[in-house]
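Peer 1: Mind looking over this structure? Questions follow.
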Amino acid sequence: MNEPEPRPAAWLERPDQAAPTPPTALINIVVAQATFIAALLFYLGVIYTSAYYGHFHLSPFALGFGFGEFVLHSLHLATFPVLVGATVLLLAVAAAGHRPRQESQGALMRGVRRLASALARHYPIVVAVGLLLLVLWWQWQVFLPYRWLGPLLVGFGLLLGAVGQTGQGRQGSPWETALLVLAAGLFLLWAVTLVSGQLGERHARNDAREVILRTGLVVHSAQPLSLTSRSAGLRYLDLGEGVHLRHRYWCLRLVVERAGRYYAVPIGWRARTDNVFVLREGEGVRIELTPGVQ
């Protein structure tokens, strides 16, 4: 009678022991996450710079900005209120999706978990409040400085609904969870888009209001230049026939310099009525940079 063949060692392994993740899979995960973060920063940088330079009647694409510059400009969003708000939202979502355990916990953690669980159970109310704010902004232009709050609440509520199913032990349909996460991502992307544009516009207005503090320009030219402005800040002086670069223009402030072109505005510049001058050095034009008035 034949004896049964011994089972291989793999049969004796515990079924709950997971196979180690290969290094290539970890590298792929890291690369995918880094690519997503870089693409998001690039997108936010485009929104921010478009709003900022749009206030000065300029386009970042016409200025020739590259990928790295857009990513660097996106870091203007790393303000204290934005970071605190993002941290609070992440903690609330993490607490809503966390399974309760029997170990004793502090009163603060229990309170945070109860609040997050209550929001997850009633996430349609959070979504409804966000939709109401969207309607008020879209139809009646109410809460314009906080127009990002509507899509933020909608995305936050949908995300709570998706993670709350796991935290409360409910196994919903994979399609339902995927749709909730996708919709939440779209609304959250809309919210950060509005925040980026609003910050860019606000920073541009502040810089235009305090334009006298920016780097100054003095333009010397052999021929008179057609620099005219409704602002009384622009100054002009004819130095006389004995001077080669006889025409002098000053009280200009630099907005940005790209590829040898200087984009400047006069002191007292107003976005609705005044022009932005595009200057370039040549044989008959010399540009000097001076410190702004402190």
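Quick reminder: no glycine exception, Cβ is built from N, Cα and C everywhere.
In TrEMBL, annotation is done automatically, which means it is predicted and not curated.
For reference, TrEMBL lists these features for the protein:
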type: TRANSMEM; residues: 25-44; note: transmembrane segment
type: TRANSMEM; residues: 78-97; note: transmembrane segment
type: TRANSMEM; residues: 118-140; note: transmembrane segment
type: TRANSMEM; residues: 146-166; note: transmembrane segment
type: TRANSMEM; residues: 178-199; note: transmembrane segment
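For each feature listed, report its degree of burial, its nearest neighbours and the pertinent distances within the displayed model.
Peer 2: Beyond the transmembrane segment (25-44), the same-chain residues lying 6 or more positions past its ends with a Cβ under 8 Å from any Cβ of the stretch are 67, 70-71, 74-75, 77, 192-193, 196.
A Cβ distance under 8 Å defines the sequence-distant neighbours of the transmembrane segment (78-97), meaning residues of its chain 6+ beyond its ends; these are 112-113, 115-117, 119-120, 156, 159-160, 163-164, 166-167, 195, 199.
Within the chain carrying the transmembrane segment (146-166), a Cβ under 8 angstroms from the stretch's Cβ atoms is held by residues 89, 92-93, 96-97, 99, 116-117, 119-121, 123-127, 129-134, 136-137, 172, 177, 180-181, 183-188, 190-192, 194-195, 198, all 6 or more beyond its ends.
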